[in-house]
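Below: the structure, in structure tokens.
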Amino acid sequence: MDAEFWLERWRDGRTHFHQQRVTPLLAKYWPTLQLPPGCRVLVPLCGKTLDMVWLAQQGHQVLGVELSSLAVEQFFAENGLQATVREAGPGTYYSAGDISIYCGDIFDLGADVLGDCVGAFDRAALVALPAAMRPRYARHVYGQLSAAYRGLLITLDYDQSQMDGPPFSVRDDEVQAIYAGHSEAVLIDRRDILSKEPKFAERGLTQLDTLVYRLQRQG
């Protein structure tokens with residue numbers, strides 16, 4: 001799986017992973033992080049999620065990262081935002097108000113950008129990556145965030161033999177292994193969501209849990 005996989009999904013309109021609402025678990029647990037007002041929050045592999053609008057409404061400076069320029073342009077258009085555009089190395093920044101999206105590869109961003117992020121929200125990034133790429137992603141992104149960072153991570157847990165990802169199953173033991181060495185991942189919620197996600201039952205799943213973690217720099 002490479003960048004072209006996701007670019008093709010956006011071109012073909014196969015974006016069932018996009019939610020037409022703010023993630024309820026974000027709204028429930030984000031206030032518990034007690035992040036300072038005005039701080040920068042990273043939303044990796046953001047697509048055109050409405051979570052970025054919600055985070056900006058909470059007083060944050062939002063930095064999304066997305067490969068597809070089509071997704072980025074749709075986000076600003078659908079939310080009535082006029083973005084300014086500037087080139088930045090191999091990628092492009094789109095900005096409007098308190099929301100900026102870096103259109104490019106997240107691995108091209110270094111500590112000069114990621115180090116300014118005090119918050120992070122990952123609903124769609126870790127579960128979108130194949131297993132071999134997840135440790136590298138976590139080290140690169142979370143290892144370079146502000147030393148004071150706090151964030152939320154949402155994953156899925158299901159029998160991978162019943163369905164091919166993405167989204168992939170990322171169990172608790174894997175989360176702990178991936179983030180060990182730079183971050184603490186504390187499981188704060190786990191719930192069965194299969195009855196609310198019939199499309200996954202149609203793909204053969206008999207069990208589907210969502211897991212919510214509070215992340216912070218390892219003390």
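Using N, Cα and C of the backbone, Cβ positions are placed for all residues, glycine too.
What Swiss-Prot says about this one:
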BINDING   Trp10, Leu45, Glu66, Arg123  S-adenosyl-L-methionine binding site
Where Glu66 (S-adenosyl-L-methionine binding site) sits in the secondary structure, as DSSP reduces it to three classes: strand
Mapped DSSP class for Leu45 (S-adenosyl-L-methionine binding site), helix or strand or coil: coil
Spatial neighbours, same chain, of Glu66 (S-adenosyl-L-methionine binding site) - Cβ under 8 Å, 6+ residues apart: Leu45, Cys46, Gly47, Val72, Ile101, Tyr102, Cys103
Under 8 Å by Cβ from Arg123 (S-adenosyl-L-methionine binding site), counting only residues of that chain that are 6 or more apart: Thr23, Leu26, Thr49, Asp51, Ile154
CB contacts for Leu45 (S-adenosyl-L-methionine binding site) [other CB atoms within 10 A, all chains]: 23
Assigned element (helix, strand, coil) containing Arg123 (S-adenosyl-L-methionine binding site), judged by DSSP: coil
